[in-house]
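Down below is the structure, laid out as structure tokens.
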Amino acid sequence: MATEGNNLSDYDKSAIPNAEKFRFGIVVAEWNDKITEGLYKGAHEALVDNGVEESRILRWNVPGSFELVYGAKKMLESYDMLDAVIVIGSVIKGETKHFDFVCEGVTQGIKDLNIQYDTPVIFCVLTDNNMQQAIDRSGGKHGNKGTEAAIAAIKMAQLRQNAGF
Ligand SMILES: Nc1c(NC[C@H](O)[C@H](O)[C@H](O)CO)[nH]c(=O)[nH]c1=O
Ligand SMILES: CC(=O)[C@@H](O)COP(=O)(O)O
């Protein structure tokens with residue numbers, strides 16, 4: 001099922017665990033910052049809407065999406081009380097194959113962190129063919145993937161707690 005026809009910002013608040021007890025980290029890539037700031041806004045607003053206080057949200061910036069892996073790794077090593085980490089990036093296809101390598105690197109790296117660490121790392125990295133697609137998914141006509149990522153982070157934090165971390 002594609003994003004087309006679905007709104008990334010839609011969620012049923014009654015079906016979301018209360019998140020006030022959780023602590024979240026968010027690592028934000030500075031590349032395409034118009035997009036990544038929109039994604040961060042969506043994620044931050046969704047966390048607060050579900051009971052998370054500002055003081056329980058930690059934000060770090062990294063230069064680009066490829067650095068999200070290292071940034072999330074160092075955040076997990078530095079703060080062992082985080083219940084979930086969200087990584088936010090926007091990769092937009094250019095003239096060369098660099099897009100493919102950045103996307104593959106960050107995808108595999110975040111997957112690896114989810115295996116290596118006990119804290120879930122949520123993948124909020126847009127991989128778009130053009131800027132319009134990125135705009136549409138960071139608060140535009142398709143909603144905000146940052147909102148979707150925040151809801152996933154809350155649900156995974158609750159799953160981790162239920163599993164007895
Ligand atoms: N082209 C995009 C990049 N490229 C930069 C890399 O992410 C990385 O910072 C660089 O290769 C140095 O290691 N990053 C994005 O996030 N989005 C892009 O569209
Ligand atoms: C994802 C990228 O690194 C890409 O935007 C860089 O553009 P180009 O492939 O034209 O160098």
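Just so you know, glycine gets a Cβ as well, placed from its N, Cα and C.
Heads up, TrEMBL stuff is auto-annotated, nobody curated it.
Listed in TrEMBL for this protein:
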type	residues	note
ACT_SITE	HIS98	active site, proton donor
BINDING	TRP31, SER65, PHE66, GLU67, SER90, VAL91, ILE92, PHE123	5-amino-6-(D-ribitylamino)uracil binding site
BINDING	GLU95, THR96, ARG137	(2S)-2-hydroxy-3-oxobutyl phosphate binding site
Among GLU95, THR96, HIS98, ARG137, which are recorded as recorded positions, the nearest neighbour of TRP31 (5-amino-6-(D-ribitylamino)uracil binding site) by Cα: HIS98
Tertiary neighbours of ARG137 ((2S)-2-hydroxy-3-oxobutyl phosphate binding site) (same chain, Cβ under 8 Å, six or more apart): THR3, LEU8, LEU126, ASP128, GLY143, ASN144, LYS145
Cβ-Cβ neighbours of SER65 (5-amino-6-(D-ribitylamino)uracil binding site) (radius 10 Å): 27
Rounded Cα separation (Å) that holds between PHE123 (5-amino-6-(D-ribitylamino)uracil binding site) and THR96 ((2S)-2-hydroxy-3-oxobutyl phosphate binding site): 24
C-alpha spacing of THR96 ((2S)-2-hydroxy-3-oxobutyl phosphate binding site) relative to GLU67 (5-amino-6-(D-ribitylamino)uracil binding site), in angstrom: 20
Of GLU67, GLU95 (the binding-site residues), the residue whose Cβ has the fewest other Cβ atoms within 10 Å: GLU95
